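> The structure that follows is given in the form of structure tokens.
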Amino acid sequence: MQPSTPPEVMLMNRSSTDEGLQGRSSSQDQGVRVVIPSPFGVTLHATVTQTPTTVDGDLESARGTLNDKESIPEKLDPSSPVPPKDPTSASLEPPDGGLQAWLTVLGAVLVSLSTFGVVNAYGAFSDFYKTKYLSNYSATLVSMIGAVQVFVLYGLGSISGPLFDAYGPKYMIPISGAIASFALFMLSITKPEQIWQQFLTQSVLFNIGAAFGFFPALGVVAHWFKRKAAYALGCVIAGASAGGIIFPIMLHKLVPRIGFGWSVRAIAFIVLGCYSIASVTIKSRRPPKPLPPLTRIIDFRAFTDIRFALMAIGLWFNILSAFNPFFYVGLYGIVTAGESAVTPYLLAILCSTSIAGRVLPGIVADRVGRFNTITVATLVSGILSLAMWYTADSQAVVIAFAALYGFVSGPCFSLMPACVTQISPIEKVGARIGMLFGFLSTGALAGTPIGGVFIKVETRANFQHLILYTGVLGITGSVFLLAAKLKCNPRLFAVV
């Protein structure tokens, strides 16, 4: 048996082979007949035709059909190379490490320290305002300065996120730093007993600037990390805890020496320096995309994802209560044990353990599941408030509570962006994070002022009402977070 010759493609003009057919015009039915000899003795015939729509187009149709003959052998040859896939999507996958990735995290940490770190330090501002600077105003009204801070910061997240997705951090970070620093310099020249000035500078202007830096700092981490996202975001959120340590101690030490004005200016210079470094180190890996219409810039469609909706509701209940210890633990220490050398540092103690609570659980969450970790942490935070803060009757117990609460509440803040990242398309991470914080802003606005209503008269019995409110809401939030986790995976002990 002789070896068969390779198949060949032979092209013949159909008009020449079908001349004997009656009633058919060659000008109307021209095409290409493809004859493929087979090594098995079977000849395959196929005809490629192109039907013209007008007589004038016959010539061009025939030419177009015949010109296509060059590609037929290539299409029939199985050894012809396959066009390479578009490498764009692969090149945008988070590398989960590298020098530039960790430099971006460093810059994001500095932004977090300069924005949410100042917000976390409000407990120290509040103590100073209530006793000296704004002593003519009620405790509830003074606490509203801090509540409006969080409300504006969280509320603008719903706008800051889509802007970050569209433009990236290149311009947003420097602009944010300029506004935040300017606001602090303006706060340094506010007058005593003029609370509207603190509202305008500290509550509104500062947090307008902070929102356009803090949320891009969170969103850009998702460009660089996927498996280690919880750990990396935990480091960023830990920067806010560092601010909650540094700035209260600065105020406590500097105000008696150089006054409120220059103490706040010192904080403003630190913020300006941190932003200067962050503007250089933070880089984005994804190309910008068009800014959606104004009517769609707030991603309400995120709530059509039941996992996102349940998570948002659970975190809303948690935010109603989570800031109460940050704002009131120092005052509770004074009510319980009186003024002491330790009392001004209760907030710093809480924030110092919160650093570990925001970083270490991130490592655990990447292994045992982010939803699992944040659900357990929220539940334990609520139980701790009821079991330990409610019964704290000495300075030692208050110190222990501050240290433990700082640690167990850490994941409730640090894992929020990581959970959003887990259930969202990467191109919508910024918008989804912003939408979540925008939704939580209402809880942040209401939470601490409602708590302040319980302690119009600062007694331990009234504080216990505040503590019950704090603990019950925290446990309620954990129930919704568990529901979100089960919606992701119905198995109770699954890694989610």
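Numbering starts at 1 and runs along the chain as displayed.
Glycine is no exception: its Cβ is also placed from the backbone N, Cα and C atoms.
These numbers come from a predicted model, not from an experiment.
Okay, these came from TrEMBL:
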{"type": "COMPBIAS", "residues": "13-30", "note": "compositional bias 'Polar residues'"}
{"type": "COMPBIAS", "residues": "66-77", "note": "compositional bias 'Basic and acidic residues'"}
{"type": "DOMAIN", "residues": "302-496", "note": "domain 'Major facilitator superfamily (MFS) profile'"}
{"type": "REGION", "residues": "1-32", "note": "region 'Disordered'"}
{"type": "REGION", "residues": "47-94", "note": "region 'Disordered'"}
{"type": "TRANSMEM", "residues": "101-125", "note": "transmembrane segment"}
{"type": "TRANSMEM", "residues": "137-159", "note": "transmembrane segment"}
{"type": "TRANSMEM", "residues": "171-189", "note": "transmembrane segment"}
{"type": "TRANSMEM", "residues": "204-222", "note": "transmembrane segment"}
{"type": "TRANSMEM", "residues": "229-250", "note": "transmembrane segment"}
{"type": "TRANSMEM", "residues": "262-282", "note": "transmembrane segment"}
{"type": "TRANSMEM", "residues": "371-390", "note": "transmembrane segment"}
{"type": "TRANSMEM", "residues": "396-421", "note": "transmembrane segment"}
{"type": "TRANSMEM", "residues": "433-454", "note": "transmembrane segment"}
{"type": "TRANSMEM", "residues": "466-484", "note": "transmembrane segment"}
> Which sequence-distant residues neighbour the transmembrane segment (229-250)? Criterion: at least 6 residues beyond either end, Cβ under 8 Å.
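Residues 94, 101, 105, 108-121, 123-124, 217-218, 221-222, 263, 266-267, 270, 326, 344-345, 347-348, 350-352, 354-355, 357-363, 365-366, 370, 373, 406, 410-411, 413-415, 417-418, 421-422 contact the transmembrane segment (229-250) from elsewhere in the chain.
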> Counting only residues 6 or more past its boundaries, what in the same chain has a CB within less than 8 Å of a CB in the transmembrane segment (433-454)?
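Beyond its ends, the transmembrane segment (433-454) has Cβ neighbours at 139-140, 143-144, 146-148, 150-162, 164, 215, 218-219, 298-300, 302, 308, 311-312, 315-317, 319-324, 327-328, 416-417, 420-421, 462-463, 465-466, 469-470.
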> Please average pLDDT over the domain 'Major facilitator superfamily (MFS) profile' (302-496) for the predicted structure.
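Value for the domain 'Major facilitator superfamily (MFS) profile' (302-496), mean pLDDT as a whole number: 88.
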> Apart from its near flanks, which chain residues at least 6 from the ends of the transmembrane segment (262-282) lie with a Cβ under 8 angstroms of it?
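Same-chain contacts beyond the flanks: 103-104, 106-108, 110-111, 113-114, 118, 169, 173-174, 176-178, 180-181, 184-185, 187-188, 213, 216-217, 220, 246-247, 250-251, 254-255.
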> For the transmembrane segment (137-159) and the transmembrane segment (171-189), does the number of C-beta pairs under 8 Å, pairs 6 or more apart in sequence, reach 3 or more?
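No, since the transmembrane segment (137-159) and the transmembrane segment (171-189) share fewer than 3 Cβ pairs closer than 8 Å, they do not count as touching.
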> Is the transmembrane segment (466-484) close to the transmembrane segment (371-390), in the sense of at least 3 CB pairs under 8 angstroms with a sequence gap of 6 or more?
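Yes; at least 3 Cβ pairs under 8 Å.
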> Under 8 Å for C-beta pairs, could you tell me which stretch among 171-189, 204-222, 396-421 has the largest tally with the transmembrane segment (101-125)?
204-222
> So which residues does the transmembrane segment (204-222) touch in its own chain, when a touch means Cβ under 8 Å and the partner is 6 or more beyond its ends?
94, 104-105, 107-108, 111-112, 114-116, 118-119, 148-150, 152-153, 155-157, 159-161, 163-165, 168-169, 172-173, 175-184, 186-187, 229, 232-233, 236, 275, 278, 282-284, 417, 421, 426, 429-430, 433-434, 437
